[in-house]
Every structure is written in structure tokens, then in C-alpha cells.
Amino acid sequence: MTVNISYLHPQYWRLYLLTLVLGIGGSFQYGIQISIITFPAEHVQRFVNHTWTLRYGAPLSDSNSKLVWSFVLAVLSLGGWAGAIHGGRLPVVYGRKKTLLFNNVVAIVAALLMIFCRMAKSFEMIFLGRFLYGYNIGLGLNVHLMYLGESSPKKLRGFLTLTGSIFIALGKLTGQIVGIKELMGTEELWPYLLALSGVPAVLQFVTLQFFPEAPRYLYIDKGDTEGAKQALQWLWQEDNLKVELEDMQEERESTRGEEAKTLRDALTSRSVRWQILTLALPCGGIQFCGINALYFYAFDIFHESGVPENQIQHLALGIGATELTAVALCSFLIERIGRKKLMGYGYLTMGVTMTVLTVTLSLKHLNSWIPYLNIALIFCVICVYGLGPCGVSMALSADLFLQAWRPSAYVISGTINWLSMFMVGMLFGYVVDDLGPFCFLIFVAYTISSGAFLLGFVPETKGRTMVEITQDFDRLNYKNSAPLTSPTYCSTKF
């Protein structure tokens with residue numbers, strides 16, 4: 001089977017550059033923050049304990065130390081939630097481009113807090129820095145996907161929005177590489193390691209100035225037909241834009257001049273009921289598939305699998321490399337196989353694999369080769385996640401909603417994603433202590449149910465316009481109701 005890459009036409013080189021710029025300051029930041037915090041864990045905990053002792057004359061107890069560390073991990077999610085909530089309004093009022101420029105300033109401030117926290121003897125600066133990083137990621141992920149999806153032609157939309165997942169995987173791998181003890185994961189350099197996200201923020205702040213605003217935002221939201229046409233010509237390097245302009249005109253007319261929908265509209269409107277379910281369950285709730293639990297507690301899981309201490313860091317690097325390779329392969333499969341099958345069967349395969357992993361972790365003492373099987377199963381979970389749910393969740397989210405609904409829909413998805421990530425970050429360490437190898441059964445239930453939901457109900461979105469996708473979902477939204485005059489675009493309440 002050959003992979004068709006004819007859509008990678010050189011005329012779109014400016015669009016590919018925009019994809020790179022958006023990725024470096026967008027989803028790359030998410031990936032690097034997920035993985036980088038694991039490596040200086042020992043140094044950060046020692047710093048917190050030392051600072052506490054200087055202030056109060058006694059060290060933290062083991063239980064309190066574990067609680068503080070769990071909060072260091074989880075406070076990123078609270079910031080992400082705040083950023084996701086603002087991701088519904090800021091890009092509508094100020095535009096996609098200006099919102100991202102502001103967002104980069106937030107990351108730069110967070111980086112400065114990390115650099116000076118040791119000098120100020122303040123572990124609270126780490127909390128605040130992680131919160132601001134979370135805000136940067138929560139807002140950046142939403143706007144990154146909006147900006148890219150609204151700047152891409154239909155034939156490239158799936159591939160380019162999937163690059164969001166590629167940059168997440170690249171960020172995770174980058175964090176794992178620079179975090180090893182031979183580079184920046186040392187007692188002297190850990191504040192600079194935690195400040196590393198300031199570098200891509202500066203890069204995006206400088207380079208994004210040279211790119212236009214998202215064409216669909218200009219055309220549909222602002223009514224700037226000429227500005228949208230100029231942006232498309234600059235990004236796509238072609239003059240024949242009739243089909244794309246007609247598609248945007250059809251979408252603009254379909255909204256009948258309506259303003260961007262509110263969060264309440266998205267939650268109560270029957271016309272997007274199944275799109276919201278699709279966004280919330282298999283996409284927004286993706287944290288419950290267990291992938292970030294593997295990253296947050298990779299060292300603990302490998303230790304539970306029986307891996308010697310001196311090999312654990314290198315296996316963690318292997319996780320990042322495996323996910324990046326799998327997501328890159330997914331980018332070539334998504335337009336051939338489709339979103340629905342890749343994500344649905346991916347979730348089912350993850351569920352089955354984690355069920356087997358639970359059994360083999362319980363039996364690891366019976367034979368010397370079982371720990372190696374456990375490692376292989378962990379890598380299998382990562383590989384399947386990269387091939388399916390990781391990559392497709394980005395592309396599918398960008399396909400589901402018309403322009404007026406998209407910002408509020410991303411707020412809902414971001415809220416679910418970040419709150420579930422907060423729960424995993426705060427509780428999974430305790431769950432591992434109490435349940436041991438049976439901790440993965442929690443994630444098995446989610447992956448099996450999400451896979452069944454996708455394969456059983458969600459229509460395929462590959463190669464279809466936003467209006468066509470909405471019409472497909474209307475068959476579910478209005479299945480048992482009398483036809484409406486314009487069911488696709490009405491805001492009928494439950």
C-alpha cells in the first residue's frame with residue numbers, strides 16, 4: 001500500500017510555515033510541560049522541603065510532601081482550564097492572531113518566575129509559574145486549532161490539524177531529552193529547565209507578526225471579504241479561490257448573521273447535541289484513556305514493572321519517541337482510513353491492551369520475563385494512542401462545528417480535558433499506591449466505551465465541508481422529531 005502525499009504541494013509553503021509557527025507556540029508547549037516536570041522532580045521536592053524548613057523550622061512530612069508534589073503537577077490543569085474558558089471569548093473579540101500574541105507574553109512571564117524562584121526561595125513561584133503555563137497551554141491549544149483549521153483548504157484540513165498532535169508528541173520528546181541528568185536535569189539547572197517554555201513563546205511572538213489573520217475569521221466573523229481573499233492568496237499562493245470563497249459564503253449565509261454562540265447556547269441547543277457529545281466523550285475526556293498518567297508517573301510505572309533504576313530514564317525517552325513516530329504515521333493514514341475508524345478502533349485496542357497489562361503487572365513476580373512483557377505492553381499502548389486517539393482527536397474536533405459554534409465548543413472540550421487532567425494529576429499517585437496494577441482498569445472502561453460510541457454513532461468527517469458534516473449530524477440531532485425549516489442552523493432548545 002502506498003501513501004498518497006500529493007496534497008503536500010509546494011505552493012502551500014507559507015501555510016506550512018504558519019503550521020510550524022502555530023505548533024511551536026501552541027501544542028508543543030502542552031507536550032513539553034507534560035513530560036519535563038518528571039525529570040527535576042527530586043530537585044524540586046528537595047527545594048520545597050528545604051524552603052519549608054527555613055521558614056518553619058521543620059521539614060514537610062512524607063504525606064504533605066507528596067500532596068505538594070501532586071499539586072505542582074495538577075496546578076497546570078487549573079491554569080489550562082482558565083485558559084480554555086477565555087479561549088471562547090478572546091479569539092472572537094480580538095482575533096486569533098492577537099490572542100496568540102498575548103498568550104506568548106503569559107508564557108514568558110511564567111518562565112521568568114521559574115528562573116527566579118530559587119533565588120527568591122519561593123516554591124509558590126513554581127505554583128504560579130505552572131498555573132500560568134497551564135493558562136498559556138489551555139488558551140493556546142484552542143486558538144491554535146481554530147487558527148489552523150480556518151486557514152487550511154478542505155483537502156489539507158485533516159492533515160494540518162493533526163500536526164497539533166505531532167507537536168504535542170515532539171514537545172514531550174523534547175522535554176524528555178533536555179530533562180535527562182546529562183543535560184538540564186541537574187541540581188544547578190532545574191530552574192532553567194522549568195523555564196524552557198519561554199523559548200518557543202518568544203519564537204512565536206516574533207514570527208507570528210509576519211502572518212495574516214485566519215481567513216475564515218475575517219470572512220465569516222468580521223465580514224472582511226477582501227481581507228480574507230488577500231490572506232488566502234498569501235497563504236495558498238493561488239488566485240483561483242472561487243470554491244473556497246463560495247464555501248465560506250455558504251457558511252456565513254447559513255448563520256444568518258448570528259453572533260458567536262455562547263457557552264449556554266452550546267450546552268442547550270438541540271442542533272449541536274451530538275457534536276457536543278462527540279467533542280466531550282472521546283475528544284475532551286481523552287485524559288481518561290490513561291496516557292498522561294503514564295507520563296506523569298512513568299518512573300513509578302516502570303518501577304512497578306520491575307525495571308532497574310538506571311534504565312528507567314532511557315525507557316521514558318523511548319515513550320516520547322514512540323508516540324512521535326506513531327502520530328507522524330497517523331498523519332499519512334488519517335485521510336485514507338478516516339477519523340472514525342482510526343480513533344474508534346484505537347480506543348478499543350488500547351482498552352484490550354491495558355486489560356492484559358493489568359494481568360501481567362499482577363503476575364510480574366512469577367517469571368523473570370514478565371517485566372519485559374509489561375514494558376512491551378506499555379509501549380504498545382503508547383503506539384496505538386499515537387496512531388489513533390492522539391492524532392485524530394485534534395482533527396475531529398476541528399471538523400465538528402460551524403464558525404459560530406466553534407469557540408464555545410472548544411471551551412467545553414477544554415474544560416472537560418483540563419479538569420480530568422487535574423483529577424488524574426492529583427489522584428493517580430494515590431490510586432497507584434492503593435490499587436497497584438489494577439489502576440489501569442479505570443482507563444479500560446473509558447477507552448472501551450469511547451471506542452464503541454465512535455464506531456456506533458459518529459459520522460465520518462473525512463473529505464467533507466463544515467456544512468456537509470453538520471447536515472450529517474442533524475440526522476442524529478433531529479432523528480425522532482418533525483423536520484424543521486432549517487434544522488442545521490436553528491438554536492432549538494431541549
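Backbone N, Cα and C define each Cβ position, glycine as well.
Any TrEMBL annotation is an automated prediction that lacks curation.
Quick caveat, the model's predicted, so the values are computed rather than measured.
Marked as domain 'Major facilitator superfamily (MFS) profile' by TrEMBL: 19-462.
Positions annotated as transmembrane segment by TrEMBL: 12-32 (among others). Tertiary neighbourhood of the transmembrane segment (12-32): same-chain residues 100, 103-104, 107, 133, 136-137, 140-141, 143-144, 147-148, 151-153, 156, 160, 163-175, 196-197, 200-201, 203-205, 207-208, 211, 234-237, 394, selected by CB-CB distance under 8 Å and a gap of 6+ residues from either end.
For 67-88 (among others), the entry in TrEMBL reads transmembrane segment. Sequence-distant contacts of the transmembrane segment (67-88) (same chain, six or more residues past either end, CB-CB distance under 8 Å): 33, 37, 41, 44-45, 48, 60, 99, 103, 123, 126-127, 130-143, 263, 296, 407-408, 410-411, 413-415, 417-419, 421-422, 425-427, 429-430.
Residues 22, 25-26, 29, 47, 51, 54, 83, 90, 94, 128-130, 132-133, 135-136, 139-140, 143-144, 147, 191-192, 194-202, 204-205, 208-209 of the same chain lie 6 or more positions beyond the ends of the transmembrane segment (100-121) yet place their CB under 8 Å from a CB of it. Feature annotation from TrEMBL assigns transmembrane segment to 100-121 (among others).
TrEMBL lists 127-147 (among others) with the feature transmembrane segment.
Remote same-chain residues near the transmembrane segment (159-178) are listed as 7, 15, 19, 23-24, 26-36, 38-39, 141, 144-145, 148-149, 152, 184-185, 193, 196, 295, 316-317, 319-321, 323-324, 326-328, 330-331, 334-335, 386, 390-395, 397-398 (criterion: CB distance under 8 Å, separation of at least six residues from the stretch ends). Residues or ranges marked as transmembrane segment by TrEMBL: 159-178 (among others).
Tertiary proximity for the transmembrane segment (190-211) is limited to same-chain residues at least six positions away from its ends with a CB under 8 Å from its CB atoms, namely 14, 17-18, 21-22, 24-26, 28-29, 32-33, 36-37, 39-40, 43-44, 47, 97, 100-101, 104-105, 107-108, 110-112, 114-118, 126, 129, 133, 136, 175, 178-179, 184, 235. Per TrEMBL, transmembrane segment is recorded for 190-211 (among others).
Annotated transmembrane segment per TrEMBL: 276-299 (among others), in sequence order.
Taken from TrEMBL, the feature transmembrane segment covers 311-333 (among others).
Here TrEMBL flags 345-363 (among others) as transmembrane segment.
Packing against the transmembrane segment (369-388) from elsewhere in the chain are residues 165, 169, 289-291, 294, 301-302, 305-307, 315, 318-319, 322-327, 329-330, 333, 342-347, 349-350, 353-354, 356-357, 360-361, 363: each is 6 or more residues past its ends and has a CB under 8 Å from a CB in it. Annotated transmembrane segment per TrEMBL: 369-388 (among others), in sequence order.
Cβ atoms under 8 Å from those of the transmembrane segment (409-429) belong to residues 66, 70-71, 73-74, 76-78, 80-81, 83-85, 87-88, 134, 138, 141-142, 145-146, 263, 266-267, 272, 275-276, 279-280, 283-288, 292-293, 296-297, 300, 397, 400-401, 439 of the same chain, restricted to positions at least 6 beyond its ends. The transmembrane segment annotation in TrEMBL covers 409-429 (among others).
Here TrEMBL flags 435-458 (among others) as transmembrane segment.
Tertiary proximity for the transmembrane segment (311-333) is limited to same-chain residues at least six positions away from its ends with a CB under 8 Å from its CB atoms, namely 3, 5, 35, 38-39, 159, 162-163, 165-166, 168-170, 172-173, 175-177, 180-181, 294-295, 298-299, 302-303, 342, 375, 378-379, 382-388, 390-392.
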